[in-house]
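What TrEMBL records for this protein:
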type	residues	note
DOMAIN	17-103	domain 'NADP-dependent oxidoreductase'
ACT_SITE	Tyr49	active site, proton donor
SITE	Lys78	site 'Lowers pKa of active site Tyr'
BINDING	His107	substrate binding site
DOMAIN	137-249	domain 'NADP-dependent oxidoreductase'
Amino acid sequence: MAKHFVLNTGAKIPSVGLGTWQSDPGVVGNAVYAAVKAGYRHIDCASAYNNEKEVGLALKKLFEEGVVKREDLFITSKLWCDHHAPEDVPEALDATLNDLQLEFIGHSEPRRDPALANLKATYHLTSHLPGQQWRTRVPPAVDQVECHPGWQQMKLHNFCQSTGIHLSAYSPLGSPGSTFMNSNVLKEPIIISIAEKLGKTPAQVALRWNIQMGHSVLPKSVSEERIKQNLDVYDWSIPEDLLAKFSEIKQVRLLRGNFIVNPQSVYKTHEELWDGEI
Ligand code: A2P
């Protein structure tokens with residue numbers, strides 16, 4: 001299994017990247033440092049995670065120590081939904097670049113893609129993706145969404161496959177550390193039994209399922225041991241007969257976007273936000 005997927009831009013996205021959502025300041029820098037040293041080449045960030053400054057310091061240290069060069073890394077950040085108006089885009093991009101101490105995000109894209117200023121589309125609200133395509137001048141390369149064995153996104157998976165968009169999975173372990181939702185992905189008996197059969201951990205099985213689906217994964221961890229464990233998903237695979245069992249797992253969307261659903265929002269109900277897919 002290759003350690004990357006090729007995007008419709010020709011760029012390569014690593015199959016495993018480090019998630020930084022809910023990684024606290026004070027520990028996120030060490031996690032990024034340990035991950036890159038362990039072989040990670042993709043770090044998934046966002047200004048909204050309130051930790052990009054510390055991620056930037058860790059990246060600077062890695063560059064100064066010669067562990068990697070900037071061009072070896074794929075760095076994702078997010079234009080948050082409060083900065084989608086074209087006139088707000090440069091300010092948000094500059095803030096993220098300053099915090100991360102980088103000249104560009106992505107892989108080797110120009111610092112400011114002129115098309116970006118016209119992207120009013122909200123790529124991460126992806127149940128709307130089919131409609132967004134025709135509203136933008138550039139097709140999306142990556143659609144980053146919640147995806148794990150407990151929320152498999154088969155409809156979106158098929159759409160992405162047929163349109164050449166790469167699906168990248170956030171919360172690929174079902175965010176077991178989140179206190180505001182009841183995640184059972186790593187406790188799912190089907191996953192536990194497959195992990196036992198293969199001599200792997202439930203987390204590794206969950207990650208490997210996504211990779212075999214053709215999706216990159218962005219597991220978050222601040223533990224060096226688990227960071228390494230989550231990268232150990234290349235030299236083994238889930239055989240077809242066990243892969244078939246994943247279709248029996250109950251499907252529940254964990255991240256329901258509560259923060260964006262309210263009477264003043266354009267999305268007044270969860271059904272509206274997710275086109276009924278909840
Ligand atoms: P920690 O940071 O202490 O390792 P997700 O990426 O789906 O949001 O899940 C992140 C959560 O899963 C965090 O609470 C993280 O805790 C935990 N986690 C990360 N890797 C593993 C692993 N290999 N096994 C169990 N839990 C893990």
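Cβ atoms here come from the backbone N, Cα and C positions, even for glycine.
Because TrEMBL annotations are produced automatically, they should be read as predictions rather than curated entries.
In the domain 'NADP-dependent oxidoreductase' (17-103), helix, strand and coil residues by DSSP number 45 helix, 8 strand, 34 coil. The Cβ of the residue listed as 'substrate binding site' lies under 8 Å from the Cβ of Ala11, Lys12, Ile13, Glu71, Leu73, Phe74, each of which sits 6+ residues away along the same chain.
The two recorded residues, Lys78 (site 'Lowers pKa of active site Tyr') and the residue listed as 'active site, proton donor', show a Cα separation of 10 Å. Around the Cβ of Tyr49 (active site, proton donor), 21 further Cβ atoms fall within 10 Å across all displayed protein chains. In the shown protein chains, 19 other C-beta atoms lie within 10 A of the C-beta of Lys78 (site 'Lowers pKa of active site Tyr'). When pLDDT values are averaged over the domain 'NADP-dependent oxidoreductase' (17-103), the model yields 94.
In the three-state DSSP assignment, the secondary structure recorded for the residue listed as 'substrate binding site' is coil. Across the domain 'NADP-dependent oxidoreductase' (137-249), DSSP classifies residues as 51 helix, 15 strand, 47 coil.
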